[in-house]
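Have a look at the structure below before the remarks.
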Amino acid sequence: MVCGVSGLLLFNVTAPNVALPEIGRALAAGFVTQQWVLSSYALVLAALLLAAGVLGDRYGHRRLFLVGLGIFTLGSLGCALAPSAAVLVAGRVVQGVGAAAMFPAGLALISAEFAGPARARAIGVWAATVAAAIALGPLLGGVLVTVAGWRAEFAVAALLALLAVLLGRRRLRGADGVPVAMDWLGTGLLSAALFTAVLVLTQGNELGWTSALVLAGAVLVLALLTGFVVVEHKVASPLIAPALMVNRTFVAATLVALIFAAAGFAPLTYIAQFLLTVTEAGPIRTGLLLAPFAVAAFAVSLLAARVAARVGLRATLAGGLLVCAAGLGLMLATGPGAGGLALLPGLTVFGVGAGLVNPTMTSAALAVVPAAAGGMAAAVNNAARQFGIAAGIAGLGALVQARLASGVSAGLTARGVPAEQAAAGAAGLAGGDPDAGAAAGVAPETFDPVGTLAYGAALDALFVAGIGIAALGAVIVLIVIRPHPHGSTPTPDPGVRRAGANPQVPPRASTPSAEGTAP
């Protein structure tokens, strides 16, 4: 059940991709607003996951999981009935609150239910489900959008979540929590830092990266993060155990989660937009073109635990990131303006890399903490993942928007289109309007080839950035994680304990086989 609900939560990350053009037309939502429809969900997840992890340790993960399901159901219903873009974004925020409660609780329930190699296999199944949901979201969402409109995506999510609540009350098992203190100051500082960071990335392209507001926001993010680190070292019950901040394997797993999400999710998002807006593939065809990624990621995720046990955690993570970079490189090699079929080999290779990285980084994060701190560890790992998604959409989306606008404007001007019309067409396409050419008064035979080449060039810039980010992640893994004998068993760090709990929490007796994780 936990795997199914986790799949539903990730379905709601990617499924709206194929609905954005229709949402834009129905609710008059421009490019930035459409970004917020996607990133607001991930942003709230990232901001609240850590607090939710500690709440689960305190009140019981089963209880928090069911409460989160109820909140998610209400948010999904609000999205389905939204009369405006602002209400839709608000509904996505409520969805994010519910999802934040469920993600760490679900992983902690799995971690508590299984031990040793069985836990690694269970996490592999969970990761495979997550990978499939992320990649199949556009296909299933495309079917719903085509058959019943964009609201159907959220209505179906609400119905499935409600059924999960009813089933979970009868079937879901979980122990009661143990009273722990809450680090409200640390939670507030970190949540504010994450929110401000994504806000800066989202608005930077529109306001200007050197504008006073953007620079002030960047300074504020650094100040908030500095304050958070100081607080965590001083309070009796830190949100994140200081020992985790210096545990080499946990730090690497957290950084990989952030990097993988930023480098992986943004390309999928904007490939979908390219197929929908420029090639007019339609929601169902777009989902089918993205399906090879889903199949590869799902299949490889089921084998990732065996690979890590054979070649080691360090090699699996670094190798998976390099495979992701290779997949992006294959897509880059197709050249600007290539059709969706040309992207299939790269998407498949990218899915193989994702299948190696996703479950391995989660297993690594959970392996270095005692069972009682599983909620906190899962929350940190998922928070990094969700922040990476939000930051990737915002930051790399700004890159795509800027390259697209400049490419369309230059291309139309070179074809003799008056500067005012060229600027209007560029702004419209960069703003997510599939009818931008007609709105600017430019003939389709002039506008369409320019738009295709410009969007392809913008995607190429995105692929180059993604390759660099993935390669950086591989370097970080190789530097931060110390090499250990293959198949050695990681042990929980004795310095890590549940936030606010008695420091003498006994570690889990058995942990998944992977490479050593000494801090």
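Using the three backbone atoms N, Cα and C, a Cβ is placed for every residue, glycine included.
Pulled from TrEMBL, these are the features on record:
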type: DOMAIN; residues: 1-485; note: domain 'Major facilitator superfamily (MFS) profile'
type: TRANSMEM; residues: 38-57; note: transmembrane segment
type: TRANSMEM; residues: 64-90; note: transmembrane segment
type: TRANSMEM; residues: 96-116; note: transmembrane segment
type: TRANSMEM; residues: 123-144; note: transmembrane segment
type: TRANSMEM; residues: 180-201; note: transmembrane segment
type: TRANSMEM; residues: 207-230; note: transmembrane segment
type: TRANSMEM; residues: 250-276; note: transmembrane segment
type: TRANSMEM; residues: 288-309; note: transmembrane segment
type: TRANSMEM; residues: 321-344; note: transmembrane segment
type: TRANSMEM; residues: 356-380; note: transmembrane segment
type: TRANSMEM; residues: 387-405; note: transmembrane segment
type: TRANSMEM; residues: 461-481; note: transmembrane segment
type: REGION; residues: 487-519; note: region 'Disordered'
type: COMPBIAS; residues: 510-519; note: compositional bias 'Polar residues'
| said: With contact taken as 3 or more Cβ pairs under 8 angstroms (pairs 6 or more apart in sequence), are the transmembrane segment (64-90) and the transmembrane segment (38-57) in contact? | reply: yes
| Would you call the transmembrane segment (387-405) and the transmembrane segment (461-481) in contact, using three or more Cβ pairs under 8 Å, pairs 6 or more apart in sequence? | yes
| Across the domain 'Major facilitator superfamily (MFS) profile' (1-485), what does the pLDDT come to on average, as a whole number? | 81
